[in-house]
There are 4 protein chains.
Amino acid sequence: MAKKIKKIGVLTSGGDAPGMNAAIRAVVRACAYYHTECVGFYRGFQGVIEGDFVALNARSVRNILPYGGTILQSARSREFMTKEGRAKAAAKIKEAEVDAVILIGGDGTFRGGLALSEEHGIPCIGVPGTIDNDISGTNFTIGYDTALNTVVDAIDKIRDTASSHNRLFFVEVMGRDAGFIALNSGIGAGAEEILIPEEDLGLERLLNSLERSRRSGKTSSIVVVSEGDKIGKNVFELAEYVKENLPYYDAKVTVLGHIQRGGKPTCFDRVLASRLCVKAVELLMDGNRDVMVGLMNNDIVYTSISKALKTEHTVNKDLLRISDILST
Amino acid sequence: MAKKIKKIGVLTSGGDAPGMNAAIRAVVRACAYYHTECVGFYRGFQGVIEGDFVALNARSVRNILPYGGTILQSARSREFMTKEGRAKAAAKIKEAEVDAVILIGGDGTFRGGLALSEEHGIPCIGVPGTIDNDISGTNFTIGYDTALNTVVDAIDKIRDTASSHNRLFFVEVMGRDAGFIALNSGIGAGAEEILIPEEDLGLERLLNSLERSRRSGKTSSIVVVSEGDKIGKNVFELAEYVKENLPYYDAKVTVLGHIQRGGKPTCFDRVLASRLCVKAVELLMDGNRDVMVGLMNNDIVYTSISKALKTEHTVNKDLLRISDILST
Amino acid sequence: MAKKIKKIGVLTSGGDAPGMNAAIRAVVRACAYYHTECVGFYRGFQGVIEGDFVALNARSVRNILPYGGTILQSARSREFMTKEGRAKAAAKIKEAEVDAVILIGGDGTFRGGLALSEEHGIPCIGVPGTIDNDISGTNFTIGYDTALNTVVDAIDKIRDTASSHNRLFFVEVMGRDAGFIALNSGIGAGAEEILIPEEDLGLERLLNSLERSRRSGKTSSIVVVSEGDKIGKNVFELAEYVKENLPYYDAKVTVLGHIQRGGKPTCFDRVLASRLCVKAVELLMDGNRDVMVGLMNNDIVYTSISKALKTEHTVNKDLLRISDILST
Amino acid sequence: MAKKIKKIGVLTSGGDAPGMNAAIRAVVRACAYYHTECVGFYRGFQGVIEGDFVALNARSVRNILPYGGTILQSARSREFMTKEGRAKAAAKIKEAEVDAVILIGGDGTFRGGLALSEEHGIPCIGVPGTIDNDISGTNFTIGYDTALNTVVDAIDKIRDTASSHNRLFFVEVMGRDAGFIALNSGIGAGAEEILIPEEDLGLERLLNSLERSRRSGKTSSIVVVSEGDKIGKNVFELAEYVKENLPYYDAKVTVLGHIQRGGKPTCFDRVLASRLCVKAVELLMDGNRDVMVGLMNNDIVYTSISKALKTEHTVNKDLLRISDILST
């Protein structure tokens, strides 16, 4: 029978995402509600290894709900990648009398948690928190909706100046190896073209499309390019290539960069984080372990982490077709 | 066999919602893509009755994607409620050689479309567009996500001043007879209490909760009240009642009102509107009629309008429990 | 010769305003820079009376710059209005070895500071912090610019729905007895009419203007009404009056309320707060007292508080003429 | 005696700036108010040369007030740089019976207008519209306040992720050869260091400051770099240089780029544009020419364009000192 959980640790790891504070708050408040102790580890697994943690009660997380970033900070720990590092981490967790850990992050974070569980018997629950939305077992990850709105807001601004000057803009967005952000922000911002790693449509097609666009009377165009795009050129080379081939275009590049990771979380991300993390605590109280929580069809569900890690969350390629229709 | 669709009419009706312009754009662009003519009727069914419409092509909807409101305007037509009004409308539709109508609005709008179809054989497709999210057959309606963010943004601001002055605020939000906006914005903004029409928890409970909140060290509190709340008091009476019973509270009221209907649509609402309306056009091209499109589990689906009208979209009452846990 | 200042107290008082945290931060950082101790009193003069204060160093104000509200909280203290209350306050200030006080607030706050100085010899410096902009000796008060943007953003949203439904909206904004917010947000949002306390143009004129507006082809209108407007009717009565006299108008009312006090301060308010408060500390170090700092012609200046209190900051009535021209 | 002005042309030229639409609207509405005809030239002087213009009346500018960009578009015309180009432009202006031109743009635009006036006797009025604020004769240019808020909002987001990961960020902002944007957004966002072209403080100082910052307990830092900075390295080289010399810093670069040119104008920019442009029309009606309008000490003033062009608008270097104090 599962050991009774009396103290839960929580950490944020990997790239930070808006809504991580909402998630921490929900873990802490749910622990308080269920009369369970809670501690927060700083800087992800690195803080675990260093025994750098803090006791958290309902008042500790007052007022953090609307803020971007993570009060527990995040990091990528190289030491934790080693067996020795994980042994150190496990020792610190036991020393702190922490019975289980809730991990807020992406697949790297979940892999780390699983290793802790398998090698040292420490139960963990994964909460998908990343702007990239590249986690299986959930329709949406925490931070993704906020990042989409940040990107769309930025492209709306770029559209203003593109229209005023008849310009072509290449806008690079984040997303690692997945095109979720590019595809959805591209449709949301009415981009004329969207380039994602999942689908290499070729440079030829891009030139044709831009030329058709221009002939149809469009005087400015926006091309959204995912950072992981596999077209064989980076966004600056791409712009150069288009300039050479379509010389009437005054092509400019904007790399949106780290603004996509920050900012106040949207209502969607706050509610998502709140629901997922209450569930994460309740799953632990009920004796579950090594699962990740997710949102499917607007319901909170959970899957085994190992299964989630084996499955890929694939973009809906039909959205490329929608984008083509809408940029008619 | 269904008549081939050569011209589609589109209208927005009922309360306007952010994303209606994105929806109109998607209808028009999809028509252009499928070489189908498109006209827009002004002011919902009223414009139909008056034969007040405009031909729309791909360029007509340039640049409207990011804007709130609806370029076709909206209205509630009393004349259309009568059999004579609908006969007039049908005559105008036929005169304009419009083969089918896409209706962007709420249940009242869909009822109107169904009547047109049943009484006059005019095929229609419903697209759920309302900030209230009170439509069955879809997880989300167009405009709802934007309204949630507007509300959360407003409550974040109110929280600033509530915290500075140790105040209790009652914030009334929209939603007609449904608590979707109140419940989700309440969790999103970290409200201490949420009052929705679906659940009358009683005044006693509210007083107890506020008192408990205060004893636990909270010096300011936000109560989100749905406009349709059935607690037997309006928001101003509620505030008075609390002031009388808990005199240490300096209670204030804010009625958010029509700011909830406007503003730039979020990425979510833009993508939702785009996907739903491309599908609406394609359904007509494929011979479907009298159905509404919706988003379920992140996929575009459709149901018969009559079935959707008979079913209620119910709020997830478990969210009340989540809210209680989080305001610990 | 003036006593050397070794410890400075700071407080925020009266209605809170965005940028007060930026102001507190600047006081604290400037004190640290000049190796002067700094304490913050909670809840304005009430905290002084109660001896409720905290030592503040450069790290205490980390990260507060972008946030609305005031970490020191604010209040209106009735006890401080009495001679006894002020004597208590003075005793607490001396007990805390605080040599001078920086007061962030409006004219009521400054009057309080002046009384402390005159009755008990405690030097003070006033920093104008109020959304109302009704302080003489400065072109702008801290919080005013942010409030203007909050109001304009809200009216932009209302405009979306007003245009969609051909409606007339009355929007009540804050400003106490001064029309600064109404006048400038009204021009900024393109309001058709602006009603301010400083100029009673009469109901007749309002009706005429609305009718002219309608005849010129405008189908929606926004009337911005200052809360202190002296037209003899509150905003709801005003809407009723117009409905009775111009029955074709579907008039609605929105009272913006306390959202105007919160939110992230604009760049302007942050820079203004920063510059004013560094100067406030430097003035104390240089032996000045009982003056208020202000921004005139983009330069930081200072005036005696007693003079500032005797002078009225009047709105530029020429803006009413500009508004008339622009709503042609 | 000056010829009576019966028709006014308006154009936007150079880099576009938020508020240009508010400016165009104010020119058009003021013309309507004074019963003067108005035409808008497209794409700045290029449209003048091509005779590409449109008649504008009060209704033409309905609803453009809140939008970024410019409905008249903008461009830099190489042809207009030549005497022949200007002769063509003058001929087109006379052909269109336009009596005077209002130029919304920066110093290049004003120089163009002055040439038209001197060589061809066409009166012009300059309206300062540029995000760079680098125009003499006015405290503020149209678009500058909006750009500052866009930058501060972006840096707030970057701060979230910088704090979560203990990172150092170099953020490049616009401003051409002037440090207005860098200096004010840097203070507004609480940047640890600000590098502007007007003051080369040296790389040594930067390293020292960052090291001091770190020793004082700061775990993340933001350095705002003006695009025109003269430190001898571009922002990427700068980051490399710091990484080499302070290896404990994980330095990242963000180039904000063209998002700074777009977006909804702030209330400040809308009111500024409105006041300046009503004045511009009135100056023409009163027989003035070849002057530019400006805002000094919150009043609308005007200076001769030639004088304004000879004077430099210098940044207030005292702000560097303020920034140092605040990043203590």
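Note that Cβ sites are derived from N, Cα and C of the backbone, with glycine treated the same way.
Unlike curated records, TrEMBL annotations are generated automatically.
Sequence-distant neighbours of D:ASP132 (active site, proton acceptor) (same chain, six or more apart, CB under 8 Å from its CB) are D:GLY15, D:GLY106, D:THR141, D:TYR144, D:MET174, D:GLY175, D:ARG176, D:ALA178, D:PHE180, D:ILE181, listed in sequence order. Annotated active site, proton acceptor per TrEMBL: D:ASP132, in sequence order.
Residues or ranges marked as ATP binding site by TrEMBL: D:GLY15, D:ARG76, D:SER77, D:GLY106, D:ASP107, D:GLY108, D:THR109. Long-range C-beta contacts of D:GLY108 (ATP binding site), restricted to its own chain and to partners at least six residues apart, with a cutoff below 8 Å, comprise D:SER13, D:GLY14, D:ARG76.
Within the same chain, residues at least six positions away from D:VAL27 (ADP binding site) with a Cβ under 8 Å of its Cβ are D:ILE8, D:VAL10, D:CYS38, D:ILE102, D:CYS277, D:ALA280, D:VAL281. In the three-state DSSP assignment, the secondary structure recorded for D:VAL27 (ADP binding site) is helix. Among the features that TrEMBL reports, ADP binding site is placed at D:ARG25, D:ALA26, D:VAL27, D:VAL28, D:ARG29, D:ARG159, D:GLY190, D:ALA191, D:GLU192, D:LYS218, D:THR219, D:SER220.
In sequence order, D:ASP134, D:ILE135, D:ALA308, D:LEU309 constitute the residues six or more apart from D:ASP107 (ATP binding site) in its chain with CB-CB distances below 8 Å. Under the heading Mg(2+) binding site, TrEMBL lists D:ASP107.
In sequence order, D:GLY14, D:GLY15, D:ALA17, D:GLY105, D:GLY106, D:THR141, D:ILE142, D:GLY143, D:TYR144 are the residues near D:THR130 (substrate binding site), counting only same-chain partners six or more apart with C-beta under 8 A. Here TrEMBL flags D:THR130, D:ILE131, D:ASP132, D:ARG167, D:MET174, D:GLY175, D:ARG176, D:GLU227, D:LYS252, D:HIS258, D:ILE259, D:GLN260, D:ARG261 as substrate binding site.
Residues or ranges marked as domain 'Phosphofructokinase' by TrEMBL: D:7-284.
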Q) Rounded to the nearest angstrom, how far is the Cα of D:THR109 (ATP binding site) from the Cα of D:GLY190 (ADP binding site)? A) 34
Q: Out of D:SER77, D:ILE259, D:ARG261, point to the one nearest D:ARG29 (ADP binding site) in space (Cα versus Cα); all of them are binding-site residues in the record.
A: D:ARG261
Q: Using D:ARG25 (ADP binding site) as the reference point, find which of the binding-site residues D:SER77, D:THR109, D:ILE259 has the shortest Cα-to-Cα distance to it.
A: D:THR109
(Q) Going by Cα-Cα distance, which of the binding-site residues (D:GLU192, D:THR219, D:LYS252, D:ILE259, D:ARG261) sits nearest to D:THR109 (ATP binding site)? (A) D:ARG261
Q: Express the predicted model's confidence over the domain 'Phosphofructokinase' (D:7-284) as a mean pLDDT, rounded to an integer.
A: 95
Q: Using D:ARG261 (substrate binding site) as the reference point, find which of the binding-site residues D:SER77, D:GLU192, D:THR219 has the shortest Cα-to-Cα distance to it.
A: D:SER77
Q | Cβ atoms near D:THR219 (ADP binding site) (within 10 Å, other residues, all chains) | A | 15
Q: Check each of the binding-site residues D:VAL27, D:ASP107, D:MET174, D:LYS252, D:ILE259, D:ARG261 and report back the ones whose Cβ is under 8 Å from some Cβ of chain A.
A: D:LYS252, D:ILE259, D:ARG261
Q. What binding-site residues from D:ARG25, D:GLY108, D:LYS252 have a chain C Cβ less than 8 Å from their own Cβ?
A. D:ARG25
Q) For D:GLU192 (ADP binding site), which residues of its chain lie six or more apart in sequence with Cβ-Cβ distance below 8 Å? A) D:SER209, D:LEU210, D:SER213, D:LYS218, D:SER221, D:ILE222, D:VAL223, D:SER327
Q: Taking Cα atoms as reference points, rank the binding-site residues D:THR219, D:LYS252, D:ILE259 by distance from D:SER77 (ATP binding site) and give the first.
A: D:ILE259
Q: Determine, to the nearest whole angstrom, how far the Cα atom of D:LYS252 (substrate binding site) is from the Cα atom of D:THR219 (ADP binding site).
A: 14
Q. Do any residues at least six apart in sequence from D:ILE259 (substrate binding site), in the same chain, have a Cβ closer than 8 Å to its Cβ, and if so which, in order?
A. D:THR150, D:ALA154
